[in-house]
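Engineer: Quick one: this structure, given as structure tokens, is what I'll be asking you about.
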Amino acid sequence: MVKKSLRQFTLMATATVTLLLGSVPLYAQTADVQQKLAELERQSGGRLGVALINTADNSQILYRADERFAMCSTSKVMAVAAVLKKSESEPNLLNQRVEIKKSDLVNYNPIAEKHVDGTMSLAELSAAALQYSDNVAMNKLISHVGGPASVTAFARQLGDETFRLDRTEPTLNTAIPGDPRDTTSPRAMAQTLRNLTLGKALGDSQRAQLVTWMKGNTTGAASIQAGLPASWVVGDKTGSGDYGTTNDIAVIWPKDRAPLILVTYFTQPQPKAESRRDVLASAAKIVTNGL
């Protein structure tokens, strides 16, 4: 009886010590990550915002997560999601074709410019917006759902009170410091991206389609993805604008692990500053190290 009690006590004590000792590296690691992000930001000369959600345990790493950042083309995820949501009640919607005119062309239209005087389906426009960041495609999607205010209204339906889309392409990319137009916070975008890609914000087939399009993105190799192990699967949407604004938002599938949601926003004080995708890659490496 005494031996059994002693054994139970020993096991409990060992477990307690393990938990106590284990908690020290956890807190230390959190502080270490914050310090590394702060140092990355200092060296970059800009302002960095990061939000990571580990869906395995709902733990988060947050850095300037409630500050506003210009979304630039990361807002295309919300516009496409709004169209997908609409398609739930209109089954043939994605096959609907939209006319492309020369007057529609703006500063970046790698896919749409090939269809001038022709048409593209809403599915094709969605893929072009997400996978090639085509700005004509984005504008057509925004127009289809009723304008920027309607995209914002869709975000509100999802419970996102921070996202706001005020303009179309390319003016939504001005990213003027302190300008609230076309902005969100890393925390808000991370939660919304989780709801859209892993949650119940969209129907099963619509969610699967969004994820498929994001996995097929062609613009993100030097951003978040560059800071991750090669075996991890990434679906992302990049964005860039004035003031060297450089963004990427991603849903990530580590090998044999639960998915991660990662939002990285970066902007600089100089209007003509160069994009810094390397900063996003470094941030991704810092927050996922050890996972």
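Heads up, the Cβ atoms here are built off N, Cα and C, so glycines get one too.
Grabbed the feature section from Swiss-Prot, which reads as follows:
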type	residues	note
ACT_SITE	Ser73	active site, nucleophile
ACT_SITE	Glu169	active site, proton acceptor
BINDING	Lys76, Ser133, Glu169, Ser240	beta-lactam binding site
SIGNAL	1-28	signal peptide
Engineer: Can you tell me whether DSSP puts Glu169 (active site, proton acceptor) in helix, strand or coil?
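Structural biologist: It is coil.
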Engineer: Taking the centroid of the Cβ atoms of Lys76, Ser133, Glu169, Ser240 as the beta-lactam site, which other residues of that chain lie with their Cβ within 8 Å of it, listed in sequence order?
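Structural biologist: These residues sit around the beta-lactam site: Cys72, Ser73, Thr74, Ser75, Tyr108, Ala129, Asp134, Asn135, Met138, Asn173, Thr238, Gly239.
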Engineer: Quick check: in three-state DSSP terms, what is Ser240 (beta-lactam binding site)?
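Structural biologist: Strand, per DSSP.
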Engineer: If the beta-lactam binders are Lys76, Ser133, Glu169, Ser240 per the record, what's the largest distance between their Cα atoms, in Å?
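Structural biologist: Result: 12 Å between the two most distant Cα atoms.
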Engineer: I'm trying to understand the geometry here, so how far is the Cα atom of Ser240 (beta-lactam binding site) from the Cα atom of the residue listed as 'active site, nucleophile', in Å to the nearest whole number?
Structural biologist: 7
